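Below: one structure, written as structure tokens.
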Amino acid sequence: MEKFLFYLFLIGIAVRAQICPKRCVCQILSPNLATLCAKKGLLFVPPNIDRRTVELRLADNFVTNIKRKDFANMTSLVDLTLSRNTISFITPHAFADLRNLRALHLNSNRLTKITNDMFSGLSNLHHLILNNNQLTLISSTAFDDVFALEELDLSYNNLETIPWDAVEKMVSLHTLSLDHNMIDNIPKGTFSHLHKMTRLDVTSNKLQKLPPDPLFQRAQVLATSGIISPSTFALSFGGNPLHCNCELLWLRRLSREDDLETCASPALLTGRYFWSIPEEEFLCEPPLITRHTHEMRVLEGQRATLRCKARGDPEPAIHWISPEGKLISNATRSLVYDNGTLDILITTVKDTGAFTCIASNPAGEATQTMDLHIIKLPHLLNSTNNIHEPDPGSSDISTSTKSGSNASSSNGDTKMSQDKIVVAEASSSTALLKFNFQRNIPGIRMFQIQYNGTYDDTLVYRMIPPTSKTFLVNNLASGTMYDLCVLAIYDDGITSLTATRVVGCIQFTTEQDYVRCHFMQSQFLGGTMIIIIGGIIVASVLVFIIILMIRYKVCNNNGQHKVTKVSNVYSQTNGAQMQGCSVTLPQSMSKQAMGHEENAQCCKVASDSAIQSSETCSSQDSSTTTSALPPTWTSSAPVSQKQKRKTGTKPSAEPQSEAVTNVESQNTNRNNSTALQLASCPPDSVTEGPTSQRAHTKPNALLTNVDQNVQETQRLESI
């Protein structure tokens, strides 16, 4: 028996060891079971946690989300700690089975919003800790199931508001921490029923005022001992931009000397300690109406806008009183805006009278009267005006175009109502309307057209005669949907008042306007064409300049190798001067020839070189060879020699002979190299001129010239 109990004990221990998650510590303190998994590096909630766990600690891990199955069937769980994780998402109804949960710690995570069903099923939750998250939004019904809360901590978040209606129902709440948020308003009466509340912390928000509440009258601090009485309500509101006027006078009258709250406005009290300012300096400025409409006259059926602006401290609220003495509120025919503007969408004769604008704040009120005159439309005589047509009521466009069958005629046929008005033509800015309805309404004065756009709810009214069958609506926006209604303004035969009746409504959309796009495209194309044409012209000029430069460079290069033109060649066969006769030679040869012309004593060498050239090139074409050389040298030597003989004095015979011999020896070597160069060149390298052409036809004359050159050379040697 003892062995059996021992084995049973071992089996129980083994089962317990298997149920406890890895890395966690399970404490069995009968009848409670605690599972401690803090600081274990967990990425998710362990799936094998004992469902009978009473206390579960999962703090300081890396859990990112909570799923529905993580805490399923844990009905005994009382305390759940999920602090200091990275939780950013909680599945709806994730805590639905935790009906006995008393404390839920979700502080220091990454939650950004609280949805409707996140805390569903937590009807016994007393402590909800959500501080140090990134909350920006709390759903209006998120706290509906946690009405038994005693402590709610939402501090250190980014909340601008919270569901105050849900807070108002938490009658068991005793601690509310809202510090370090961006809350700018607390509705009046929020804490009226929270009699158990002992601490409210709204430090470091954007509150300019606190609403007076009977709960705050318990906010007292014992000046002598500094101990808070159990019945005392602790209020912390430091770090807010308080506007110290008469609205905070109730708070100043509390005995609080230990806090250091300061005023942010008005300018006279900026930076001063709240509790040190005398009560008589908490002042308010009574309202003063600064701008208003003096008098207005409008045609019956048109729109009337009355304006009233006031200033004061605090900002005054503006109300309107009708000529009958009734408070005007938002209705189908009238709108009251927050800035003090009153809009009467469709005026009637009974709207004539004095409208009163009332601006009020805690310091007082101011009034201003404005006269509205409705110009009555002329009545048309009609024998059937005793027939009573029922007034369908309001004629504002929101009722006639947005409410389905209400926009139809009195028989309720919407399709027939739309068929009564047809858009014949619609462009980007205009629409042509055609009226197909029968004018059987007695006493019709005129028709009123009213329309607005999808993006602009401002009504536009047009009045047209009752005989009109078409109407052109101008100044419309392109690509915009319009709701348009036609109303008949007629005389009520029984009441003798002007009544309106919806004849028909239609919805249409204007065309898209592409004119500006095409215009911009045409401008773009025109500019592009100008740029292209200009580019072509510039490119053409550049190409022309480049061509000229290339041609000039080529001509320059050719000029360096250009053949020398030798003119005025005299024939030695007949002694006559040949006009226009020339022989072309390479530049090197022309330079040598010119040098020989300058020096008369070189004629002999030139003749020898010409003879040598003719002998070495005898294998080439005889016409080319003979045309290249002889005439050039025959023209220079005799002429220059004759000039020397005339101008120069005749020296002795021996020096002259030695000089000629030296010159002959020097020029012979030079011209021999020239002759060899000419002989080694191909025949095509020598350009044929007119003289060479004549040389082909007269070979005997050339031979005669050569013989004469030889004779002349011998004569010079003998001298």
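Yeah, the Cβs are placed from backbone N, Cα and C, and that goes for glycine too.
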Could you tell me which of CYS263, CYS284, CYS357 is bonded to CYS308 by a disulfide, according to Swiss-Prot?
CYS357
To which residue among ASN73, ASN339 does Swiss-Prot attach the annotation N-linked glycosylation site?
ASN339
Tell me which residue from ASN382, ASN452 Swiss-Prot records as N-linked glycosylation site.
ASN452
Near the domain 'LRRNT' (18-51), which residues from the same chain, at least 6 beyond its ends, have a CB less than 8 A from one of its CBs?
57-64, 66-67, 69-71, 73-76, 81
Could you pull the average pLDDT for the domain 'LRRCT' (240-286)?
85
If you draw a 10 Å sphere on the Cβ of CYS308 (disulfide bond), how many other Cβ atoms land inside?
25
I want to check the contact list for CYS357 (disulfide bond): same chain, sequence separation of six or more, C-beta distance under 8 angstroms. What comes out?
ILE289, HIS292, LEU306, CYS308, ILE318, HIS319, TRP320, GLY340, LEU342, THR367, GLN368, THR369, MET370
Run through the repeat 'LRR 5' (148-169) and tell me, per DSSP, how many residues are helix, strand and coil.
5 helix, 3 strand, 14 coil
Coarse DSSP state, helix versus strand versus coil, of CYS357 (disulfide bond):
strand
From the DSSP assignment alone, can you count helix, strand and coil residues within the domain 'LRRCT' (240-286)?
16 helix, 9 strand, 22 coil
